[in-house]
Amino acid sequence: MSEEEITYETEMTADDVGATEHVPETVTQKSLTADCLRLIQRPGWLWWVVFLFDLAILAVAMVAERNQIVQGIGVAGHTRPVMWASYVTNFVFWVGIAHCGTLVSAILFLFRSHFRRAVYRVAEAMTVFGVMTAGLFPIIHLGRPWFAYWLFPYPHQRQLWPNFRSPLEWDVFAVSTYLTVSTIFFLVGIIPDAAAQRDHGANRFYRLIGHIFSFGWTGANHQWKHFYGAYLYFAAFATPLVLSVHSVVSWDFAMAQVPGWHSTIFAPYFVAGAIFSGVALVINLLIPIRSVFKLEHIVTVDHIEKLSKLVLLTSMIVTYSYLVEIFSAWYGPSSNERDMFMWRFFGHFWWAGWTMATCNSLIPLLLWSKKVRRNLPLLFVICLFVNVGMWFERFVIIVSSLARPFDPAPWGVNYKMSWTEGAILAGSFAWFFMFFLIFIRVLPAFSLAEIKETLRAPMRRKA
Amino acid sequence: MIQKLVDRLLAPAPQKHAGVMGIFEYVDDAAAAVRALRQVGHKDLSVYSPVPHHDLEHALEQGPSLVRWVTFGGATLGLTGGFSLCIYSVISYPLVVGGKELISLPPFVVIGYESMILLGALANLMGMLALARLPQVKSKAPYDPRFSLDKIGIWVPCTGDDAARVEKMLRGQGAEEVKVHV
């Protein structure tokens, strides 16, 4: 092609660089990089206040845990027959929280749902830190936590192996696989953005962090080819994984013949509940981040509204599951099952049952209104209620079923949460937020490369 | 001491590259340049960009990544390994309960399935890192930080008269900057 054949336009127009799909037209590749790196470089005094407060809560929880290790598991409020209580509730809650990240990053990736690009990094970080929090609870719940490694299969002199037929052993495999795969997925996605941080970070510390996490990425064509070749398979693995992990968690209960647990609906019901609480927490995280760091043009109200529609959808699925459970109990042959569901809503733990139903089924109904979905302060409060409701859902399932076994002898003995358990519950939030706060301080919390793909590619000649 | 270490880690690799680097603003210009260069026999090109572009992929005639075969191998190993572990464990320490079969496959499906995903994902990671030559300590072309911002770079390894021809060609295709490295 000779030089004469090319017609040059002197300047790039707004159309050439502007976005069409989900990012405002004013955003350019340069401004996007600057905005996202600013989030890392200038956390401000508010970040320090929140971080120190978070560490203070974590310190209290560590004292409580130390107390439990020294004095024994008896300092928790477990009383026969309720030997699984707040710790297992917390475990299921945090595994559930962790599910949203993979939904947003993997499932929506496979469906080519482009709105995920602006929000998936936050959701993925939440997944990794959520599983790291969840994984602590089975260990905290052990009488001798220093023997936690017994859960894993390893060859030893006595040739003893874990019982692979037990749902608890399935859990070990499911949760450890989920932690590994979601961490890899998260770190691989960060590679091109860490390269941008390495090249354009404000000081040497941030550039060094970028160096480490970018693995020497240059953006060469062969790197992009294998990166996206692998990314597709990460998404393809993560999608069935996310569905299997919470199904396996639900089988911890459903495999046991305990009234209120022994149900085939548990797997889909738990998966929907997990996504429900996870998306709600993503909204709870994104709303303050976009507002504090002035990123309203990157995470737009449209993005948040789309996430809130997911909350509404999963709320409907969860509500349907509640109704199916109640219907099955009423219609089915087991009087114990019927009695259990009456007891859940009118027995000793009635307040927990109604908190669950109100927060998970009634309050999210407000999201049918577009005005509510686009009203961010109100949406923030609704999502907080959803998370409270989902914690109580797990509490109701675990504690109320255990407190009402077939044998009526221990019926009057009910569980009461101890201060140790309360401190460790608060500490789990502090543990999760500690990682999250450090993450937004050191690595890009929004995917530069993927949001740049949303922008229209600069072309000299318009198609 | 720490500062010295940081400085060393951040120091750019010494320049020992011979060739021409063209820096482009527009994707279609870069794609046209790639096509033109490949037409005259420069097949050993490297294109650097902040995001992947289909135009460039087509111009480079890149096939699909081979990483999928590595992933398939890992997943197959995980699936068979998961089932084998369960079967081996019940045979090596037999505990017959109620006269039931020792090798009860349905509960082992969960272990096999999770192991398949775990090893498949790990193989996928290893495959990607190996094929994309990561971690990369030494770049095969002079890297420019603008490639992670908003510019596209085309690196053509060449020397002498060839370099002069490539330089002219890149400028003719709309490169906003061309650097010759000798």
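Numbers here mean position along the shown chain, with the first residue as 1.
Here the Cβ of each residue, glycine as well, is placed from N, Cα and C on the backbone.
Under the heading transmembrane segment, TrEMBL lists A:45-64, A:84-111, A:123-152, A:172-191, A:230-249, A:269-289, A:310-331, A:351-369, A:376-403, A:423-451.
Under 8 Å from some Cβ of the transmembrane segment (A:310-331) lie the Cβ atoms of residues 103, 263, 265, 268-269, 272-273, 275-276, 279-280, 283, 337-338, 340-341, 357, 360-361, 364-365, 367-368, 373, 382-383, 386, 393, all in the same chain and six or more residues away from its ends.
Spatially, the transmembrane segment (A:45-64) is not adjacent to the transmembrane segment (A:376-403); fewer than three Cβ-Cβ distances between them are under 8 Å for residues at least 6 apart in sequence. Away from its own ends, the transmembrane segment (A:230-249) comes close to residues 91-92, 95-96, 99, 102-103, 105-107, 109-110, 167, 170-171, 173-175, 177-178, 181-182, 184-185, 188-189, 267-268, 270-271, 273-274 of its chain (Cβ-Cβ under 8 Å, at least six residues beyond either end). Relative to the transmembrane segment (A:269-289), the listed stretch A:376-403 leads the set A:123-152, A:172-191, A:376-403, A:423-451 in CB pairs under 8 A. The largest share of C-beta pairs under 8 angstroms with the transmembrane segment (A:376-403) comes from A:84-111, of the ranges A:84-111, A:123-152, A:423-451. Listed stretches A:84-111, A:123-152, A:172-191 were compared with the transmembrane segment (A:423-451); the greatest number of C-beta pairs under 8 angstroms is found for A:123-152.
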